[in-house]
Amino acid sequence: MTPHLSIQPRPETNGAWLAPAKLNLMLRIIGRRADGYHLLQTVFQFIDYSDQIWLNPRNDARIELLRGADQVPAERDLTVRAAHLLKQYTGCQRGVDITIDKRIPMGGGLGGGSSDAATTLHGLNQVWELGLDLDTLAQLGLQLGADVPVFVRGRAAWAEGIGEQLQPLTLPEPWYLVIKPDCEVATAAIFNAAELTRNSPPITMADFTRGDKRNDCTPVVRQRYPAVDQALQWLAARAEAQLTGTGSCIFATCDTEATARQLQSDVPKHWSSFVARGYNCSCNPLVTPLDERGL
Ligand SMILES: C[C@@](CO)(OP(=O)(O)O)[C@H](O)COP(=O)(O)OP(=O)(O)OC[C@H]1O[C@@H](n2ccc(N)nc2=O)[C@H](O)[C@@H]1O
Ligand SMILES: Nc1ncnc2c1ncn2[C@@H]1O[C@H](COP(=O)(O)OP(=O)(O)O)[C@@H](O)[C@H]1O
């Protein structure tokens, strides 16, 4: 059976919905839209390293964040914004208490905020019995961030456009060592950098499969964040080192968990790190695992 991550509440999650992180296995910037958003080619894969979100219905129509991410005001939290968006779109009068157990580092290029938003859209679609389909949830998600649709759809993907035009991919599901240098990177600052490459020639999926894993953000992030540069130098001396998204996290791909843990045991103590498995499916109530559909 093809392994998959399930974002739905299960006994082992104590009623929590899971919001997994992602890695960008390559990222090219091939242009810019008139509104300033960049046209990308990127490959997304999920990893089994997740935030946990509890969605408890209330007796009134309020949306309350009982515990969220550090230093993110409730009104800016992407789970709260997702809940308001659903109410506005459907006219639903119900309320919810939201509690987030934050594990995915913020400003790390791991998409934690976007994943929290996507999981909230799925969770409240069920808890509030809204009956919205996957396309509608992905469209609503895009209003919250360019990265939200891939988490809503729950399939590893080749992405184009601003990251929302998605073609599912079946990739190897290796182990990853992820290192978080001691800094956060604001996505907007990197996309606004004058020195960012914005005219990379487009590649094909076959080029990626043959090994083109460049991330156009890497030179800018290395130059502006010495901690990322140092971590990349350290990892590159031991394995192929890559930046995910706009960073700050970097990663190496390993064939086995043992290899990843061996590499992790040498990581200098001033960087945090974790080992996680890659997954092509992050299954939600509207997506059945590939193998259960006979694919
Ligand atoms: C770069 C990527 C790669 O997966 O990930 P992260 O490094 O943030 O995790 C994503 O494209 C980030 O997606 P997301 O974090 O949802 O972006 P948004 O909230 O929509 O936008 C954040 C900022 O980045 C800019 N932005 C985002 C996406 C894009 N294709 N072009 C952009 O120029 C936006 O103009 C905005 O200033
Ligand atoms: N629930 C949330 N979890 C994390 N970040 C959030 C959340 N809601 C809003 N944000 C905002 O989104 C920003 C980006 O966070 P995140 O998605 O974790 O990183 P990245 O964009 O680097 O992948 C944070 O710095 C924070 O201001």
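Placement of Cβ uses the backbone N, Cα and C atoms for every residue, glycine included.
Listed in TrEMBL:
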- LYS22: active site (ACT_SITE)
- 78-154: domain 'GHMP kinase N-terminal' (DOMAIN)
- PRO105, MET106, GLY107, GLY108, GLY109, LEU110, GLY111, GLY112, GLY113, SER114, SER115: ATP binding site (BINDING)
- ASP147: active site (ACT_SITE)
- 216-272: domain 'GHMP kinase C-terminal' (DOMAIN)
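TrEMBL feature annotations superimposed on the structure.
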residue	record	Cβ neighbours (10 Å)
LYS22	active site	29
PRO105	ATP binding site	19
GLY107	ATP binding site	17
GLY109	ATP binding site	31
GLY111	ATP binding site	26
GLY113	ATP binding site	26
SER115	ATP binding site	28
ASP147	active site	27
Within 10 angstroms of ASP147 (active site), Cα basis - binding-site residues out of PRO105, GLY107, GLY111, GLY113, SER115: GLY111, GLY113, SER115
Secondary structure content, the domain 'GHMP kinase C-terminal' (216-272) (per DSSP, counts of residues): 26 helix, 8 strand, 23 coil
Cα distance (Å, whole number) from LYS22 (active site) to GLY109 (ATP binding site): 8
In sequence order, those binding-site residues of GLY109, GLY111, SER115 whose CB lies under 6 Å from ligand 1: GLY109, GLY111
PLDDT averaged over the residues of the domain 'GHMP kinase N-terminal' (78-154): 98
DSSP-assigned states of the domain 'GHMP kinase N-terminal' (78-154) in counts, ordered helix, strand, coil: 44 helix, 7 strand, 26 coil
ATP site, defined by PRO105, MET106, GLY107, GLY108, GLY109, LEU110, GLY111, GLY112, GLY113, SER114, SER115: further same-chain residues with Cβ within 8 Å of the Cβ centre: ALA21, ILE104
Rounded Cα separation (Å) that holds between GLY113 (ATP binding site) and LYS22 (active site): 11
Integer Cα-Cα distance in angstrom, SER115 (ATP binding site) to LYS22 (active site): 8
Of the binding-site residues listed as PRO105, GLY107, GLY111, the one whose CA lies nearest the CA of LYS22 (active site): GLY111
Residues among the recorded positions GLY107, GLY109, GLY113, ASP147 that border ligand 2 - Cβ under 6 angstroms, in sequence order: GLY107, GLY109, GLY113
